[in-house]
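Novice: Can you read through this structure? Questions will come right after.
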Amino acid sequence: MAKKDKTSVKKSVKETASKKGAIEKPSKSKKITKEAAKEIAKQSSKTDVSPKKSKKEAKRASSPEPSKKSVKKQKKSKKKEESSSESESESSSSESESSSSESESSSSESESSSSESSSSESEEEVIVKTEEKKESSSESSSSSESEEEEEAVVKIEEKKESSSDSSSESSSSESESESSSSESEEEEEVVEKTEEKKEGSSESSSDSESSSDSSSESGDSDSSSDSESESSSEDEKKRKAEPASEERPAKITKPSQDSNETCTVFVGRLSWNVDDQWLGQEFEEYGTIVGARVIMDGQSGRSKGYGYVDFETPEAAKAAVAANGTKEIDGRMVNLDLSNPRPANPQPYAQQRAGNFGDQLSEPSDTVFVGNLSFNATEDDLSTAFGGCGDIQSIRLPTDPQSGRLKGFGYVTFSDIDSAKKCVEMNGHFIAGRPCRLDFSTPRTGGGSRGGRGGFGGRGGFGGRGGFGGGRGRGRGGARSGNPNRGSVAPFSGNKVTFD
């Protein structure tokens with residue numbers, strides 16, 4: 001009965017294997033299986049890679065690439081089949097336990113045969129694995145997915161056959177059946193691990209191919225995808241760097257000082273005690289001072305209560321104006337503000353004045369009249385201003401006899417007329433902060449300085465009516481004092497008109 005059960009089990013196992021698409025293995029002789037395995041190994045080593053590629057490419061073209069979901073479903077089906085094969089092996093091992101008491105001679109023969117079959121199967125699996133590694137290294141990542149599926153199916157079928165053979169041939173003892181089952185479990189674990197690794201590598205390679213769009217069929221798809229991803233990242237960096245370089249602002253250059261910026265500060269609400277030197281000392285802390293002047297009244301000689309401070313740079317002038325509202329001089333809070341800048345070309349000022357007052361140039365002479373002079377101007381200021389025009393013979397600045405202050409004009413005498421003409425061309429030049437009016441001076445006429453014959457005598461005492469008035473009028477008083485009828489009344493002459 002036991003033998004009948006064994007034969008029925010073998011038939012059922014073979015039927016299940018044929019239904020699932022497994023390859024039926026002849027069990028007549030074990031030597032035939034060894035020779036067949038060797039022939040398969042030789043044929044696989046002799047075959048070239050190119051026909052495999054062509055077959056696989058044809059398969060790939062005919063059948064679409066399996067998706068990840070289909071691969072997972074196949075894994076689940078594989079696990080189910082493996083579990084069913086294990087259950088069959090366990091049932092066969094239990095049957096072998098019941099039949100272990102038949103004969104010891106058959107057990108020894110079955111031991112040798114089982115060991116030979118297990119060794120032959122292990123050799124076949126090693127050969128298949130080496131071939132798979134070679135194929136995976138030489139073939140592209142896209143074709144590796146379809147190959148792995150086929151190899152996985154072949155392995156499962158081989159395992160089923162080995163499990164069925166071991167179950168049919170392990171009728172010797174319990175220990176042998178346990179060893180075969182443990183070996184089959186270990187092999188299944190190894191195969192599962194290798195399949196998982198291959199699936200992970202194939203998935204990563206397919207991802208890299210989709211990102212890099214490479215059509216190469218080499219096995220180093222990962223390295224190619226890495227290189228392409230690096231090149232793409234470098235291109236992106238370059239693209240980002242190009243607009244950044246274009247958007248870079250140009251180097252900031254310091255703005256040149258505008259010629260219209262003023263360096264003069266107006267100072268208001270000054271005390272009458274403040275003079276030029278005092279005013280300059282009060283503003284030395286803000287920058288280099290070129291000049292300082294307090295505006296004075298020409299008649300009284302007293303300060304008008306304001307002045308000007310000239311700095312070397314506009315920045316110093318702005319710093320001084322920033323102290324407005326906090327600056328005190330001689331106990332008084334002063335007002336500070338920027339003065340109107342001097343025009344670079346003073347000619348418009350001279351032309352405007354000439355249009356307003358009808359100024360006309362006099363006949364050329366060697367003496368130049370300088371009008372609109374500041375009361376603070378000195379002979380040195382005029383010498384510095386007009387020294388470049390020619391050789392200066394003399395400089396005169398008339399003063400008031402009562403106050404001793406300047407009258408606001410002067411005279412500059414040159415050695416020749418050409419130098420004087422050059423000086424007049426500087427009409428509107430600033431001296432001590434004021435634009436000067438330049439003209440040729442007319443020469444003096446004689447006979448009028450002391451009033452002619454009327455001079456210092458006559459009944460008018462000290463020149464009579466002609467007196468000092470004649471001197472100032474350039475002879476007008478002298479002409480009047482020279483009247484032959486000195487002090488007498490002129491006789492009446494004319495027609496007498498009466499009205500009736």
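From the backbone N, Cα and C atoms, a Cβ is placed for every residue, glycine too.
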Novice: Write down the residue from SER143, SER202, SER227 that Swiss-Prot flags as phosphoserine.
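Specialist: Per Swiss-Prot, phosphoserine applies to SER143.
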Novice: Looking at SER101, SER144, SER211, which is the one Swiss-Prot tags with phosphoserine?
Specialist: SER144
Novice: Consult Swiss-Prot and report the residue, out of SER92, SER142, SER146, SER214, annotated as phosphoserine.
Specialist: SER146
Novice: On the DSSP side of things, how many residues of the domain 'RRM 1' (263-341) fall into helix, strand and coil, could you say?
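Specialist: Summed over the domain 'RRM 1' (263-341), the classes give 18 helix, 30 strand, 31 coil.
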Novice: Per DSSP, how many helix, strand and coil residues does the domain 'RRM 2' (366-443) have?
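Specialist: For that range the per-state counts are 19 helix, 25 strand, 34 coil.
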Novice: Which whole-number mean pLDDT does the model give the domain 'RRM 2' (366-443)?
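Specialist: On average, pLDDT over the domain 'RRM 2' (366-443) sits at 88.
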